[in-house]
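*Asks:* Among the features that Swiss-Prot reports, N-linked glycosylation site is placed at ASN66, ASN302, ASN328. Per Swiss-Prot, topological domain 'Cytoplasmic' is recorded for 1-8, and the stated evidence type is sequence analysis. Per Swiss-Prot, topological domain 'Lumenal' is recorded for 26-366. According to Swiss-Prot, the feature transmembrane segment maps to 9-25, an assignment based on sequence analysis.
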Amino acid sequence: MWPPSHRQLCLAFLLVCVLSVISFFLHIHQDSFPHGLGLSILCPDRGLVTPPVAIFCLPGTAMGPNASSSCPQHPASLSGTWTVYPNGRFGNQMGQYATLLALAQLNGRRAFILPAMHAALAPVFRITLPVLAPEADSRTPWRELQLHDWMSEEYADLRDPFLKLSGFPCSWTFFHHLREQIRREFTLHDHLREEAQSVLGQLRLGRTGDRPRTFVGVHVRRGDYLQVMPQRWKGVVGDSAYLRQAMDWFRARHEAPVFVVTSNGMEWCKENIDTSQGDVTFAGDGQEATPWKDFALLTQCNHTIMTIGTFGFWAAYLAGGDTVYLANFTLPDSEFLKIFKPEAAFLPEWVGINADLSSLWTLAKP
């Protein structure tokens, strides 16, 4: 047994060593970030922790199924802070989220979303990326980078520690190598999935009254595209002839399918889609203010028919199965083809049916 004085000296020496080590590491962390950028993370369900950026976790930012807290942590090997502008509608923001997640992982950076994106996606999906506090957003020395809509070599070697992405990326070339992770991020909340499955479970084939064996989700994009495509992009939207061809493709390959139609132009669909075979149901509500209702229906189907747009892309990507899409829907000289590469937009195994461009060719004649 040491004498009391000797033990006290040893304890004091150990305490000084511990405090010195802690001070050294705190100094390193503080010097790694701009002056004034806080090191605290404010989470409603745990005490103070210290990653190198100030964020807060909004209620409902869930972690994985085995996690005990709703405030996600990034792996220690990641650094920096990346985020993305939440521009556009529902499908656009899904593309931005998936692209941010994939590029941040590829470059070894931490990814955060802004509150507006959380507000758009968290009520629908079990997303896990944490939310960047407005005060941290405003005090971070961002470099901004506008992405084009396909993966490029330079995106695999981005050195910026504080990067804010922008644009409307929605290409599988960014994130398809993480498909299972993306599907987990975009897992529907239980009540939305159960509600959609309940609707599908009540459907019957019109001619026989039997339960369908195969559900084919159909998304018909109309709305503002009716003006934007022909007037700005020299393009068309899906017409009744395309939808008939797409449905016939599935009828030839699947026994007793039912086509579950959703659209932001349901009246047009009811007037122009052939229902004579008793296998078409207009199940969507067409409300753009609550897109997740139609989206949930589409993702619970076995296969997909899409026209154009990111909403249809994501429904098809998450549903899996076969996908038929509208191909070559612009004239060859369309400016749209400078920002959109079909080979990067549609998975190679998806089936394209060419659009009817006759109305555009007529207008293009001198």
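Glycine residues also receive a Cβ, built from the backbone N, Cα and C atoms like all the rest.
Help me see these features in their spatial surroundings.
*Replies:* In sequence order, THR214, PHE215, VAL216, ALA319, GLY320, GLY321 are the residues of the chain that are 6 or more apart from ASN302 (N-linked glycosylation site) and have a CB within less than 8 Å of its CB.
ASN328 (N-linked glycosylation site) falls outside any helix or strand according to DSSP and counts as coil.
Across the topological domain 'Cytoplasmic' (1-8), the prediction's mean pLDDT works out to 50.
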*Asks:* Using all protein chains in view, find how many other C-beta atoms are within 10 Å of the C-beta of ASN328 (N-linked glycosylation site).
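*Replies:* So the Cβ neighbour count for ASN328 (N-linked glycosylation site) comes to 15.
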*Asks:* Going by DSSP, give the three-state secondary structure for ASN302 (N-linked glycosylation site).
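*Replies:* Where ASN302 (N-linked glycosylation site) sits, the three-state DSSP reduction gives coil.
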